[in-house]
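Structure, as structure tokens:
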């Protein structure tokens, strides 16, 4: 028995070795291989048919699983409906019956699909493994057939022929050929038949699935219609308890856009080619001022502004005002720009919103109000200041011209490069405010203070962004020129006593190194004069006169500060426009200056009820609603209190155009809303 098993095992091993050897020879090309291309095509079709059947079986199983899931979901849905259904409601038993029948239909549909389609598909795919094994066995028998054939050919072609071995090889060859032919013939007939039967199988399978699904949907539609009728009758019995979906809340009316419109951006004005290098042109129209923040409106020392572009190319320490010292006196120096370079003074909201209350005098005369300075007076350079049309106070031009120009040269004459260089060399660097008073006056020893701009409170009104050469230049006049100026004033004019007093005070202030520090330390109860300055910004547009409007309230407040100084108590303003050095004689005031000032004061009294202040329009604004004003650039609007706090908080103001008020005197008809950031304050 053991010998038999050993013989079978050895025989199988020998077959495997022969097959391996034959395959190696065929791969190396040393032995030919029997090929049947027709059969190979049958094999490829068989593999494709098997893959398609396997996928169809997988998808059908997934479909049946989904049907089972739908059955469970439908059953749970009907159970939940039966639980919430009240006993006294119509159709309680019908709802229960519909749920039970739906579950039966789902179960029947699933079972018929399993029996009619899935089992048939499993039977169809069950024949593929056997055929696949027979194809593999035929391949092995083909190798045995080729091996026996090659062995027989080798013996027959040998020189020394052994008949016994040749006859034995012939028997093995015939045996291998017979076995191979049996497998080959069966597969040659079976594979094409299997490939052709696939069409009928697909037809029967999907016809069965579609018919079962159509029957199921038809039967379950009857149950769904029955349930729909029950729910309809239940709703008719409880019509007063109908459920309605509430929509969005109704609109109460048009809402105003809370955000105020943004003003249009204007291009920077073109520089003038004839501008003097020691002058700075003001912008044609300042940028709109945004609403102040609470931190900017409270009293106290000014908040230091954020870093900004200075008029000069190089940022120097002398160009920055030190707001954190005890005296709050700005120190300003000049950096002369290059030839044919015009620097534009940009209006920053941080400087406009600064509160200059700390610069007011400590001692104010009784019955006089503090002079208010307009924002423009804090931002424009001194060389753009012009004389007020109300009253003209003569001034000495020598205090401005002695420092940088000869006596026979006007201030506005074009300077040469040589004069510019001399100016830079002649300008000393002033120390910071925290240095002792003796060191602060050392670079300017022997220089006197001028009439127009040497008052410490006027220096506070000069913006840090403007050229400060004017404050240094005013120290060039001597005490003798101040005495000559006092003598030149007319004796019969009401301004003479006041002017003389101002000159005496200027001379006394010049004798001390730090005028304001000495005043604060001594605590002398002497009265200070804060002249009101009217400024006319330069315009880059031809034919356009963009002039600062001086309001009546500002005129009255400014003149009340000056009135106690003179014997006649006249209202007057100091002229800050410099005059040439050779015109030392005083210029008398115009005949109608006092009348113009008085008429402005009378017009200020005829203002709308609740008048707050005036604003000037910087940009055109077209009204979008009937309660808004249509404004053009340059219009003056009289601001009155707003009826709605929401509009005021959103940046809207209420007012009436000054032209409409002067013409109609009807506030209720002509007032309207307008954006605050399109305007600037005039008072």
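These residue numbers are counts, starting from 1, taken along the chain as shown.
Backbone N, Cα and C define each Cβ position, glycine as well.
Of the given residue ranges 144-191, 192-239, Swiss-Prot assigns the label coiled coil to 144-191. In Swiss-Prot, the annotation region 'Disordered' applies to 421-443, one of the ranges 421-443, 605-627, 628-650, 651-673. For the domain 'SH3' (610-683), the model's average pLDDT works out to 86. For the domain 'SH3' (610-683), the DSSP counts in helix, strand and coil order read 19 helix, 26 strand, 29 coil.
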